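To start, the structure under review is shown below, and the notes come after it.
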Amino acid sequence: MGKDEIIYVAGHRGLVGSAIIKNLTNKGYQNLITRTHSELDLTDAVAVAEFFASEKPAYVILAAAKVGGIIANNTYRGEFIYENLMIQNNVIHQSHIHKVKKLLFLGSTCIYPKNCPQPMKEEYLLMDVLEYTNEPYAIAKIAGIKLCESYNLQYGTNFISVMPTNLYGPNDNFDLEKSHVLPALIRKIHLGKALEENDWNTIKKDLNNLPIEGHSGDNSQDSILKILNKYGITKSNNEVFVEIWGSGKPMREFLWSEDMADACVFIMENRDFKDTYQSKTEIRNTHINIGTGLDISIAELANLIKKTIGYKGAFKFNSQKPDGTLKKLTDVSKLNNLGWKHQVSLKEGIKKQYDWYLEP
Ligand SMILES: NC(=O)C1=CN([C@@H]2O[C@H](COP(=O)(O)OP(=O)(O)OC[C@H]3O[C@@H](n4cnc5c(N)ncnc54)[C@H](OP(=O)(O)O)[C@@H]3O)[C@@H](O)[C@H]2O)C=CC1
Ligand SMILES: C[C@H]1O[C@H](OP(=O)(O)OP(=O)(O)OC[C@H]2O[C@@H](n3cnc4c(=O)[nH]c(N)nc43)[C@H](O)[C@@H]2O)[C@@H](O)[C@@H](O)C1=O
């Protein structure tokens, strides 16, 4: 990529998009173009066609999507499949029409079967049934991989699909219903610690800074306690409990978003579609897993965050909430062989994430 060529980063305010902008800017790329959701709704085919016709990007990184944690995926099933299919169809198709030199499509490791052999290799795609809670999102992401692959094979485009593991970092979503586990636990444990210390100012500051559903702005202690209880942060007989959804047994792999961005830029700068497969016949499974190759149970994750934040209270596991996939560890040998490896350990990342949460 030339330093002054036009690079369109879709989803530039999100967790991954913002890290990609930072990485590209640090490397001296000067011609980045962006649009917020309200400036350009990527589900609108006409608006996306007009945007590509007028801006003519040379490179595209597609980090815009409808994204959320396990409950959001399971609740807004229609939105997750429709919006993701529309966004990716519009952006990938217009990239083909306007002869974009290279496009990076971001999928997710939830494309792999629920009971996938571990660690999950790229070729295990479509071997078995998907996890129910995120099936609509996963089907959209699989369609995105196949769209890129099919356009490459039919039209000679250079569209690469990457499948990141669970991500976290600056600009993450800390909503307690719709977010992913790591930011949710950071916020819940931060509030739990403030509750055990009767630090009402910290609790009020948190609720006021980041609006939380059910908080009307009434900052009386009774009202605040009701909100905290709603999200599973409770106090009885002077002991504080923070709720963890599910059994705590599922294993998850976490990658720092700035490492993810670095992997994306590395691939954009150094690799092409032809580097993603070896077989010359029946070319498939050309997507690339992005992760660390290391996982941890949700209970262990909660304890790591507890230690970082200095919370002394207890956890309560809520079996009414879904566990989802029990294990989804990526095999990252393809990525490593292409020349990239992660840098930030989970322990270090949690500390960085908590520092960012306290002072964005
Ligand atoms: N977070 C994670 O753990 C994982 C994420 N991924 C994938 O990585 C990619 C980035 O995810 P992440 O950064 O976490 O997501 P975020 O929710 O943080 O950001 C998504 C971005 O997409 C934009 N967006 C959403 N809908 C539209 C739309 N209709 N039109 C225009 N823009 C839209 C939002 O714009 P605005 O800010 O203007 O509202 C936002 O900037 C996604 O493809 C996701 O599936 C994959 C695996 C794990
Ligand atoms: C990135 C990935 O993200 C989603 O899949 P997921 O990995 O299951 O995501 P999650 O982060 O929400 O949960 C991980 C585990 O953690 C448990 N858990 C405990 N306590 C909380 C909690 O407070 N919040 C949340 N969200 N989870 C919690 C939770 O019950 C589950 O067992 C899909 O969108 C999928 O499509 C996808 O791509």
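Any Cβ shown, glycine's included, is placed from N, Cα and C.
For reference, TrEMBL has these:
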| type | residues | note |
| --- | --- | --- |
| ACT_SITE | TYR137 | active site, proton donor/acceptor |
| BINDING | 11-17, 106-109, LYS141, 164-167, HIS180 | NADP(+) binding site |
| BINDING | LYS188, TRP245, ARG252, ASP323 | substrate binding site |
| DOMAIN | 7-195 | domain 'NAD-dependent epimerase/dehydratase' |
| DOMAIN | 241-276 | domain 'NAD-dependent epimerase/dehydratase' |
| SITE | SER108 | site 'Important for catalytic activity' |
| SITE | CYS110 | site 'Important for catalytic activity' |
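Filtering GLY11, GLY14, GLY17, PRO164, LEU167 by Cβ distance to ligand 2 (under 6 A) retains none of these binding-site residues. Using a 10 Å radius centred on the Cβ of SER108 (NADP(+) binding site) and all shown protein chains, the other Cβ atoms total 23. Long-range C-beta contacts of PRO164 (NADP(+) binding site), restricted to its own chain and to partners at least six residues apart, with a cutoff below 8 Å, comprise VAL16, LEU106, GLY107, SER108, THR109, LEU255, MET260, ILE290, GLY291. Not a single one of the recorded positions among TYR137, LYS188, ASP323 has a C-beta coming within less than 6 Å of an atom of ligand 1. In the structure as shown, the Cβ atom of the residue listed as 'active site, proton donor/acceptor' sits within 10 Å of 29 other Cβ atoms.
Residue counts for the domain 'NAD-dependent epimerase/dehydratase' (241-276) under DSSP, split into helix (H, G, I), strand (E, B) and coil, are 18 helix, 10 strand, 8 coil. According to its DSSP assignment, LYS188 (substrate binding site) is helical. When the recorded positions CYS110, TYR137, LYS188, TRP245, ASP323 are compared by Cα distance to GLY11 (NADP(+) binding site), the shortest distance belongs to TYR137. The separation of GLY14 (NADP(+) binding site) from TYR137 (active site, proton donor/acceptor), Cα to Cα, is 18 Å.
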